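Engineer: The annotation S-adenosyl-L-methionine binding site is assigned in Swiss-Prot to L76, G108, F127, G128, K129, L130, T131, M132.
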Amino acid sequence: MNIKIVCVGKLKEKYFKDGIAEYQKRLSRFAKVEIVQVPDEKAPESLSPAQMEEVKKREGERILSKIKDKEYVYVLAIKGKERASEEFAKELKNLGTYGHSDITFVIGGSLGTSDAVNKRANDLFSFGKLTMPHQLMRLVLIEQIYRAFMINSGSPYHK
């Protein structure tokens with residue numbers, strides 16, 4: 001299985017990089033994991049609604065340029081579907097069983113994702129209504145992907 005995580009913005013914090021690298025290493029026995037960073041759109045602190053949409057549109061174009069037609073795409077969104085870890089593990093297993101070997105996860109920038117990115121999604125995925133920095137979300141997501149593979153392998157990692 002090939003897993004791609006497309007994220008907006010560059011990760012600067014060493015502690016996030018180290019955590020993500022650790023899970024990427026652990027996942028290597030189950031899947032090839034690629035993390036693709038696209039530049040975030042520089043914008044002033046206070047934006048009008050139209051300016052916010054323009055920022056999301058530009059970031060969305062960068063995101064969409066990294067997604068191939070054959071990929072099954074999860075977009076992380078507050079309004080997406082929440083899942084338990086076991087349910088997510090079953091979904092990933094079923095995707096592989098039914099021929100989806102290329103799975104992409106999208107983490108938008110601080111304003112979220114554009115309508116075009118959300119329309120491209122096969123599924124909108126929510127980790128709940130909490131607001132988290134998108135840098136932290138990368139670590140949370142890759143840990144949950146690892147947890148899903150461990151659940152599917154029968155490992156005691158998930159208790």
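Each residue, glycine too, has its Cβ placed from N, Cα and C.
For each listed feature, how buried is it and what is near it?
Structural biologist: Counting only same-chain residues at least 6 apart in sequence, none has a Cβ under 8 Å from the Cβ of L130 (S-adenosyl-L-methionine binding site).
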Engineer: Which whole number of Å gives the largest C-alpha distance between any two of L76, G108, F127, G128, K129, L130, T131, M132, the residues noted as binding S-adenosyl-L-methionine?
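Structural biologist: For the residues that bind S-adenosyl-L-methionine, the greatest Cα distance is 15 Å.
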Engineer: What is the number of other Cβ atoms found within 10 Å of the Cβ of T131 (S-adenosyl-L-methionine binding site)?
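Structural biologist: A count of 8.
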Engineer: For L76 (S-adenosyl-L-methionine binding site), what is the tally of other C-beta atoms lying within 10 angstroms of its C-beta?
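Structural biologist: Around the Cβ of L76 (S-adenosyl-L-methionine binding site), 24 other Cβ atoms lie within 10 Å.
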Engineer: Per residue, counting other C-beta atoms within 10 angstroms of the C-beta, which of the binding-site residues G108, G128 reaches the highest number?
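Structural biologist: That would be G108, with the most Cβ atoms nearby.
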